[in-house]
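Working notes, structure below.
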């Protein structure tokens, strides 16, 4: 087998551990220099391939690549850009082949979620559609945990840990304040379609620390009366209550609860989150003091409290991608296969990309408690191992010592291409 | 000196390290059982004293008390309750004396901020005003860092670290997304009067990681045009920009920027934070994609990323309070005295409580950069040592193993008292 270069890029919303996948992939590729030549990273995902904006990862030191394992975000830049079908934009596919040919690229690694899997699938079909031999492997990543087949998705475990830890800490805080001040704390978390992240908030209550937590899932239509009754009940029983609300929660009218048509004093439309909406419902319905927070990017960037399990799996997915490529596979994605929950054991698997692209994994109905406000034992059993273990980054002067790569550009060989 | 019992209580907004002060105080009191008998904790601050709702801390194990050092929030419950003056509410002072007498209490330790220092001062004067001999020592605590004389205040360093780490992580995230998506990230932080916490966001940019950060201080009147120009400049130069905004930022009309008179579609008043207000200004003024977060309680409860310096100082303040009491002091507060910034060195000092109560320490003008959007080298020199060091709590099943005390009530001896 002739030595070919590889292309690697990061796509979609970044996570605390997508760079750990990059580390696994790059370190493994370096260890197989008899099969893989240079790994060129796309600057800003597939856009880097289209515009021939390639980064020469061989210019990075061993230490820098190793440091990617503990650095959040996308070291090479990410993008939100979905390739159209071959019929709709043949020009882009031909350009990809031009770039791949010009830089002798035979391996295509794409690190992303559902949309990115679709892009990777289309690239994997280039041999059949346009006669260019390439092996395309998708490396799974998404905080939303909504990729199918794989037991979980790198990026999710760390968000889950961040939300569980934050809910535990905020619950301790509001419990201290409840006598004369705040009685309800509301935290808004990501998850527009699936409640995986919100569910993780439920882990803050366990046999060691019983915490009255209400979870508002996007899967459950918001019922104001039931919610207020539950909040009232918890505050009466425990003195306080915490709420974790998914950004995707909808009302009976099918609209996002956050979409309240807010106007400022001048009548201008204002965007708010869902947490202040829930806070107002609590204030108006029960007259209780509240506080609210919105975790937003903090939750998915929080490498400082990443899950050890998640970091390990993210690294393993990057490593497996290279191994599968070397073994001759195309159009596949490495997966995480759960062997057992307690004690937790898992192994790396593989799935055809066509079974992954554009398929969304929702929360199973039996993960949500009967009243719609909590998680079941089954859900807890699934989630618990994913937040296990701490994998702290090194610190310097009180701050995590995250790496910034040099990101040296590869000399362009082709004419400019407008996307 | 006869053995006397002590009263200890926590007051005001809780922090990640107020329990570390409790640990320092309780462990030191236990080591001086020849001087101090039992330490009774007030359930929910001074309210516990007024209602004779006392907790027998001697019922807690050595391990439980030690675990307070790594547990956020107020283990005995806090309160927002300020004693009126003796003239205005003599009844409350007489009740305090009744309770102190009934439980043989000769030491009063109050752990709080400016308002609590005032309460402690009033109690310290009981000997003079009502003839009851008591030594009252105030233990400093506040995330706002606004107590005077002490170089810094336990609780602040950990919030500062949390905000600096979060801003660093979110900045890495938005930098990855900026090519095709989010270009501005806005984080709302605490600080209604003083910009200490917002200033800490500036630490995320340093010689290792230059980050385009705009700080919006409550000390600086918000100038929309200047802010938009700065944001535009940063986005053009770096591709992205992050903003840390203090909840207390005011507009030229002197009103809080968060107070936008928001109404929902039905005309009902809605409360929002200042982060979405800034986000809308960015959207309308520059047409840039943004994300925003509100840290709220997460920032002050985040014991998982507490500053090592802060934990050490919080513990030392609790320890010193007992030592000062045993040495015969009354109406004082232990302080942190900075010896040098680099290398950082500090020692425990002492100040008269009358110099602390109701005095607010503002940010020095020369801590804010000339354009009003950044911190100066002097500010950086002051802040940097306060976020130094990591002091991780132990973990169990992926979550911090925080302690919940038994909080056994002391048998009441007096008639009920209504507050």
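Every residue gets a Cβ built from N, Cα and C, even glycine.
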TrEMBL substrate site partner of B:142, B:143, B:144, B:190, B:191, B:192, B:297, B:298, B:299, B:300, selected from B:87, B:247, B:352:
B:247
Report, as a single number, how many Cβ atoms besides its own are within 10 Å of the Cβ of residue B:191 (substrate binding site).
27
Which of the binding-site residues B:13, B:191, B:247, B:298, B:300 has its Cα nearest to the Cα of residue B:115 (site 'Important for catalytic activity and substrate specificity')?
B:13
What whole-number value in Å do you get for the largest C-alpha pair distance within B:142, B:143, B:144, B:190, B:191, B:192, B:247, B:297, B:298, B:299, B:300, the residues recorded as binding substrate?
17
Are any of the recorded positions B:115, B:141, B:142, B:191 near chain A, where near means a Cβ under 8 Å from a Cβ there, and if so which?
none
In sequence order, which residues at least six apart in the same chain have a CB under 8 Å from the CB of residue B:144 (substrate binding site)?
B:113, B:153, B:156, B:190, B:191, B:193, B:194, B:196, B:197
Restricting to the chain of residue B:300 (substrate binding site) and a gap of 6 or more, list residues whose Cβ falls under 8 Å of its Cβ, or answer none.
B:13, B:14, B:15, B:16, B:143, B:155, B:158, B:159, B:190
